[in-house]
Amino acid sequence: METAANAAPAAVIVAIDGPSGTGKSSTSKAVAAQLGLSYLDTGAQYRAITWWMVNNGIDIADPAAIAAAADKPDIVSGTDPAAPTITVDGTDVAAPIRTQEVTSKVSAVSAVPEVRTRITELQRSIARGTELGIVVEGRDIGTTVLPDADLKIFLTASPEARAARRSGELKGADVNATREALIKRDAADSGRKTSPLAKAGDAVEVDTTELSLQQVIECVVTLVEEKRAER
Ligand SMILES: Nc1ncnc2c1ncn2[C@@H]1O[C@H](COP(=O)(O)OP(=O)(O)OP(=O)(O)O)[C@@H](O)[C@H]1O
Ligand SMILES: Nc1ccn([C@@H]2O[C@H](COP(=O)(O)O)[C@@H](O)[C@H]2O)c(=O)n1
């Protein structure tokens with residue numbers, strides 16, 4: 001018989017939002033792995049639908065054309081934090097969604113309301129389906145996708161720190177150009193009408209500029225454990 005002492009902990013839903021390069025993916029994956037939770041990279045889903053639009057000749061400058069095609073691709077996300085996956089119509093797109101072309105077009109596609117409705121439904125159904133809980137990272141998770149999340153975190157970092165991190169990843173990329181590209185994408189994501197990048201009123205803001213990745217992970221793990229202990 002299951003008693004209170006040996007019962008499985010109730011599912012915990014963690015929303016992690018913030019601008020580009022603040023450490024959302026690295027932190028979310030590590031926190032989920034450490035706590036035995038699922039992990040969902042919602043940016044990968046917007047990148048996947050953008051990849052499909054580009055591959056199918058949809059004019060990215062035409063929101064009506066994007067809206068008309070929004071329900072066509074079948075996007076499937078694997079939520080194991082040790083090996084997250086993303087497929088479109090059965091094709092593994094983990095690599096092609098990270099190209100410069102997709103990165104430069106994703107904000108235009110993700111601003112189309114029909115795209116957001118489609119992807120938001122997908123995200124909610126994935127979050128509802130987890131047994132132990134999930135860490136979901138993106139731009140509008142705490143405000144729109146999962147407004148009842150148990151814990152909401154909003155990560156920030158200076159544009160300089162974020163550009164330096166990304167340039168390190170892109171080996172030799174010009175830091176100033178990277179910084180300008182980050183700022184441009186954040187402005188587009190913050191400025192769109194539907195579900196913009198924003199901090200939820202009840203989110204905990206963590207400025208990661210001066211923190212190592214390990215320190216950020218520890219901070220978020222502690223916040224999740226505190227939330228669990230309160231319940
Ligand atoms: N606190 C930190 N200190 C140093 N480097 C970090 C820190 N957090 C993340 N990084 C590094 O910065 C880079 C960007 O991190 P990550 O991809 O997790 O950011 P993100 O917020 O998910 O970005 P995006 O929204 O663009 O996908 C990675 O190379 C990661 O290892
Ligand atoms: N909840 C979200 C998540 C992402 N986006 C859009 O996708 C782009 C790519 O996100 P990455 O995290 O992979 O960099 C991002 O710039 C947004 O345009 C979104 O709208 N909502």
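Note that Cβ sites are derived from N, Cα and C of the backbone, with glycine treated the same way.
Annotation source TrEMBL lists ATP binding site at GLY18, PRO19, SER20, GLY21, THR22, GLY23, LYS24, SER25, SER26. Taking all protein chains in view, 22 other C-beta atoms sit within 10 angstroms of the C-beta of SER20 (ATP binding site). SER20 (ATP binding site) falls outside any helix or strand according to DSSP and counts as coil.
Mean per-residue pLDDT, taken over the domain 'Cytidylate kinase' (14-225), amounts to 96. Look at TrEMBL and you will find 14-225 tagged as domain 'Cytidylate kinase'.
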Exercise. Using CB under 6 Å from any atom of ligand 2, narrow the binding-site residues SER20, THR22, SER26 to the ones that qualify.
Key: SER20
Quiz item: Counting other Cβ atoms within 10 Å of each Cβ, which of the binding-site residues GLY18, THR22, LYS24, SER26 scores lowest?
Solution: SER26
Quiz prompt | Shell list (ATP; ref centroid = CB of GLY18, PRO19, SER20, GLY21, THR22, GLY23, LYS24, SER25, SER26; cutoff 8 A) | solution = THR27, GLU137, LEU155, ALA157, ARG162
